[in-house]
């Protein structure tokens, strides 16, 4: 190649980069070979078209093979291997290769296989994550003491220096050189790698080269792993995934299930397990418990025989089983029990009985279990959130019986690894008692009091009247898409709740004279921060042995000892605490169960006095109205210190802003969703659901409610699509918000194009069906058929036009690509003048 040509190309590239950096919009014109014909020959077009088609077919075949392998073969083999193993017969194992080739129940087997593969992937990820937790946090004490050598006891130290001495000893043990460790060396650090202990490979970590591992990690990407890079290396990965699925099914499903089956047979409990509707799951959990017990027994036997490596492996296996079972209990069983307890305590609220719940469980056990588990998870989440809110208000130490989940050193997995199983059982029982007692105080007892005070107030109506012309699904969508996001996405809610709880605590503490105990005082807060009084002495010196006990308790709980804030105990302290509970119960009854239901009932039943309204929707509407009222009151209270004139100006400003918001909301949240829902009703729902000989009935309220959901989906798709005027308009409207709303822009650029498009899409087919068609068609049946099918026909016609337009554009691009590949020799910059640039620089 000519060096001058290379330098010229480099100068062109540098000049282009300079132009880009300056923000200058430049354009080029192509330079073609002089022998290029005016129109490309048909042979060149056919060759380029066949080449593009061949490339597309090659990629289509490859991606089809990838999708078939990962979405078909892997889940199908997992499902049928799982089924053959749990069939319990030799014939099922022998006929497994023929079952792999069977096409019966293909879709259902693939769906079930996806669930099996997902479970195995979660199990594998859980094992890797648990290994990392053990490596970083160390194993349990009894596992770390396996290879320790007895050490001479140190002389006793002063109680005040125990925490500092512990830190110094840990640092000395961590920095000790391996060569200096003799037969009487101290114990290794707790976070040592279990696989390295006893192997003698002390310096193996020092030979680790991070760059080699980084290079290996760069070679395996998701595209290469899944086969999206065009290679066939993914077939090897498919084979390994199938093998790992089979191995995990054998280890984590087949073996525990049969161990549980043997345990149930030993105790004659198989019939009771069969009557639970979840025999497989219950048997597998019992099998895991049995396997854990066997690991403990074998660990003791290996320790007695002196098999150190086997003892350590068995100990790690027991830790894995223990953490898995405790995770199932805390994530699955505890929320499920809370959900069932909530349902049982609220039976009187909905006029239901235990027999009704038993019948619903018998008819759909899986759905019932999932719903109660979901309710329990929501309850546990909000309960913990409220406890965290209380910890920000109350004196440290008031909630001593509850875990501090806001502690950065708190790690549930580390607790599961280190604490004994009996300690975990005690904590789980305490948690269940606390959750159950809270449900009794917040739900069951207020319901009983309400039934005694207002017998006609309960039960709530949880089903719609048959005479109402609205779908319950549309109301639920409206509730989930409009009302709840407006309530939950507000940052003011938590601030208001925190202020309300703080003021309530102050009032009740002042009435009961427990302010020092409940909220503390300034001196206590100061002492909690710096730990000293005004004389420089410790604020509360510990008693003899108290510091050692606190340190031991902190080490046992894997948490640092918390500070203690002194408080005063008045006389009749227990009676005052009982009065605090009674005041909280009365406030809960008055503030939650009494006012909110009547407010929504009044707002929803003023015009429908004889129609029963669903209480869920009335409660949501009532909460929404209460939130609006509280927000308005807070704004007015914030304006009061500014004076009357400023308050009037702000009120005028907010009235104008409210009027603009109402006008914009009428179009964006009223007219557009209504037109959108009505259009989809005519195009999709009516042609699919209503027979041709029946007359469709349109419900405007239902179409609007569904249109809200459709509009949100359309906005999300528009924001993910290419740049065009509607996306720019939505982005600007969202960026401006309510305060900087430009009503003219919203009308012209956002609402008008959408309303005109929907209006034309609704009106043109209607005019054609009922005005133009009757001029040429006299058959009533044919006219009805045209009127009913004209909307989907025009939609199909529009889709075909879009497809044809896209194909024409793609063919033009292909034409330009073929022409450039064959005849393009360069490009010329057409809108750049170096003389102007030189004059501007001078």
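Any Cβ shown, glycine's included, is placed from N, Cα and C.
Under the heading compositional bias 'Low complexity', TrEMBL lists 174-184.
Per TrEMBL, domain 'E3 ubiquitin-protein ligase MARCHF6-like C-terminal' is recorded for 646-819.
According to TrEMBL, the feature region 'Disordered' maps to 174-205.
Within the chain, the transmembrane segment (59-76) has long-range Cβ neighbours (under 8 A, six or more residues past its boundaries) at 100, 106, 109-114, 116-117, 226-228, 230, 234-235, 238, 241-242, 245. According to TrEMBL, the feature transmembrane segment maps to 59-76 (among others).
Among the features that TrEMBL reports, transmembrane segment is placed at 110-130 (among others).
According to TrEMBL, the transmembrane segment annotation covers 285-307 (among others).
Distant neighbours of the transmembrane segment (319-342): 126-127, 130, 134, 139-140, 143, 285, 288-289, 291-292, 295, 369, 371-377, 379-380, 412-413, 416-417, 421, 424, 428, 431-432, 435-436, 439, 443; these residues of the same chain sit at least 6 beyond its ends, with a Cβ under 8 Å from one of its Cβ atoms. The transmembrane segment annotation in TrEMBL covers 319-342 (among others).
As annotated by TrEMBL, transmembrane segment applies to 369-390 (among others).
Among the features that TrEMBL reports, transmembrane segment is placed at 428-450 (among others).
The transmembrane segment annotation in TrEMBL covers 470-488 (among others).
Marked as transmembrane segment by TrEMBL: 616-640 (among others).
The transmembrane segment annotation in TrEMBL covers 661-688 (among others). Non-local neighbours of the transmembrane segment (661-688) in the same chain are 696, 698, 700, 702-708, 710-711, 714, 738, 741, 743, 746-747, 750-751, 754-755, 758-759, 761-762, 788-789, 791-792, 795; each lies 6+ residues outside the stretch with a CB under 8 Å from one of its CB atoms.
Under the heading transmembrane segment, TrEMBL lists 708-730 (among others).
Annotation comment: TrEMBL describes 750-770 (among others) as transmembrane segment.
Counting only same-chain residues 6+ beyond the ends of the transmembrane segment (790-808), those with a CB under 8 A from a CB of the stretch are 682-684, 687, 761, 764-765, 768-769. The transmembrane segment feature in TrEMBL is assigned to 790-808 (among others).
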